[in-house]
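Participant: A single structure is presented below for examination.
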Amino acid sequence: MLLFLARGVPLLLAHRTTTRCLSLLPRPVSVGSARIKFSTVFVSATGQNTTAMPERRPFVRLPTDVYPVNYGLSLKPDLIDFTFEGKLEALAEVTQATNQIVMNCADIDIITASFAPQGGEEINATGFNYQNEDEKVTLSFPSALQKGSGTLKIDYVGELNDKMKGFYRSKYTAPTGEIRYAAVTQFEATDARRAFPCWDEPAIKATFDITLIVPKDRVALSNMNVIDRKPYPEDENLVEVKFATTPIMSTYLVAFVIGEYDFVESQSSDGVTVRVYTPIGKAEQGKFALEVATKTLPFYKDYFSVPYPLPKIDLIAIADFAAGAMENWGLVTYRETALLIDPKNSCSSSKQWVALVVGHELAHQWFGNLVTMEWWTHLWLNEGFASWIEYLCVDHCFPEYDIWTQFVSADYTRALDLDALDSSHPIEVNVGHPSEVDEIFDAISYSKGASVIRMLHNYIGDEDFRKGMNAYLLKFQHKNASTEDLWDCLEEASGKPIAAVMGSWTKQMGFPIILVDQEQVSNDRILKISQKKFCASGPHDGEDCPSWMVPISICTSADPTCTKLKVLLDRPETTITLSGIGPDQWIKINPGTVGFYRIQYSSSMLESVLPGIRDLSLQPVDRLGLQNDLFSLLHKQADMQEEKNRIERVLGAISAPDLIQKVLNFALSKNHHLLLQCAFFTTRGQKN
């Protein structure tokens, strides 16, 4: 799923972060209809008020003595009173005798509940105990439910809320000017429980049979295709829409939408029906997203060597939507600005943004939906992977975008800047209560996650990476997996120590600066390479300096676009000899700016690379990376004048003296990135 956060790059207007907007203020807790703040006031024995934080009970996942096999779900929303009626008939398996069933439930009132063992008599529940703080309900039965299969039946009512989560109402203006409402869903991470009582954890998968009872003049959509639509016998103004059975899937990926929409339709080359749903009268604005989707599905099928498993996919623009987009299986929901393109008025950056968001969400149809993380701790991998492969997909579909240079300018450099702060955090952080997901999912998890996946792909090589991805998807399809499961598959495919390498990047915050010096011996170039932690606040002065297993790539002036040598720096320092490198040739570390680290060259080595900047043989993305590294070092050098001179020598290789001076003056004060990027893009086509 994507959310918007301002990017530090002019070409892209927004950035993805967490599943919800982050807030610096304490979140209130919902208890029924009441709102309770985290801090509670206590009165001491002396009569004085003292403020304390109540102890939070440890989070406990759902019991495993009963689990769902199939949800039969019927929903009847009221778009005037903003309520809905629900009927749940879930085929469940009892693994050990119990007289209660514990499920997730929030903002729902259960009317009746019963359990009918297969071949046995129906047992009515005698009580519903709501644990509002934990968003759970315990159904109590007068006798033990015996081991085996049975059907759990629940009748309940709920509210079409205005919180943009769960099953909620979305306000829009009809072409007539009238204000109307659609009923839509947003379930990630833990809001399916607001639409129906369920086992709302990603590892508890089941199939779904969904029926919607809706006004006959409204469009009704869900994850699967419609298999029956008939008049509702109790009201001639309503119709009953039944959808095909879904594959086995997690509750957070279930979706349904009821509203007024136009659509444009096409088919991918694989025969998958693709539709883009738009507000009434705006079908034309869905054509670009349709083009992207029909190109993207075959790309992922070919890349993963796994076909898209559903017969259709719908992409729909929602008027009120908290996220940027959500990857519900077969029914992807979007904020309007992330899906619609006005062919007459939208700029090229908007088209690129839509292409990236569509590529991101469709990647999740495999990586996240077909194979799902076992728990929210591993959500970083879902999002980091999709945030990387969206660029790979867009580069394939629209090579003219030069999208990888934009990745470096946006995600990569932003992640480096944030991860250099003392306030950063590791990519992978253990998540207990699902509400903690909001606290850790930011640009570190998304942008750094995407950057280290990109580095991993480069380290393994595309062929072995694809082989490992295919093995992972086939082994865990329709199941759940952890981060380590992916590392195992990639390790087996490549023969490289993937788990050890990636553990050093995902389980500790920060990244290294690579210090490089060179010596020419006859026709050999000897490189001395070392690493230390890079800190925005100055050199790392702790006793225990962290280290990384760093994939190092090296190119030369003979072919700046081709990697001549790859090594794994798995120690604080090493020496590398490159044969057949003459004194007049230059060497560049990290071609393509793929490795997630900064580089500090010796003065002589930096001087030797200047011809590659002057004749533009050094790729634009490498010139950008080089300049960015130099400026990041500027404020922490003991000799500021020497560092300023180093930068002037690099920038002086391009003809824009006035602009260079402005960049330097600005960088010596504060926030330099926008001007630096402007200087880079302004001068990238100039030659001396």
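Counting starts with 1 at the first residue shown.
Placed from the backbone N, Cα and C atoms, the Cβ positions cover glycine too.
So TrEMBL has the following annotated:
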type: DOMAIN; residues: 68-253; note: domain 'Aminopeptidase N-like N-terminal'
type: DOMAIN; residues: 288-505; note: domain 'Peptidase M1 membrane alanine aminopeptidase'
type: BINDING; residues: His360, His364, Glu383; note: Zn(2+) binding site
type: ACT_SITE; residues: Glu361; note: active site, proton acceptor
type: SITE; residues: Tyr446; note: site 'Transition state stabilizer'
Participant: Just to verify a number: CA distance, Glu383 (Zn(2+) binding site) to Glu361 (active site, proton acceptor), in angstrom, no decimals.
Facilitator: 10
Participant: Identify which of the recorded positions Glu361, Glu383 has its Cβ surrounded by the largest number of other Cβ atoms within 10 Å, counting every protein chain shown.
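Facilitator: When each Cβ's neighbours within 10 Å are tallied, Glu361 leads.
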Participant: Starting from each candidate's C-beta and looking 10 angstroms out, tell me which of the binding-site residues His360, His364 has the most other C-beta atoms.
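Facilitator: Its Cβ has the most other Cβ atoms within 10 Å: His360.
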Participant: Between Tyr446 (site 'Transition state stabilizer') and the residue listed as 'active site, proton acceptor', how many Å separate their Cα atoms?
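Facilitator: Counting only the Cα atoms, the answer is 14 Å.
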Participant: Tally every other Cβ atom lying within 10 Å of the Cβ atom of Tyr446 (site 'Transition state stabilizer').
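Facilitator: There are 28 such Cβ atoms around Tyr446 (site 'Transition state stabilizer').
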Participant: Within 8 Å of the centroid of the Cβ atoms of His360, His364, Glu383, which other residues of that chain place their own Cβ, given that this set defines the recorded Zn(2+) site?
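Facilitator: The answer, listed by sequence position, is Met1, Leu2, Glu327, Glu361, Ala363, Phe367, Gly368, Asn382, Phe385, Ala386, Ser387, Glu390.
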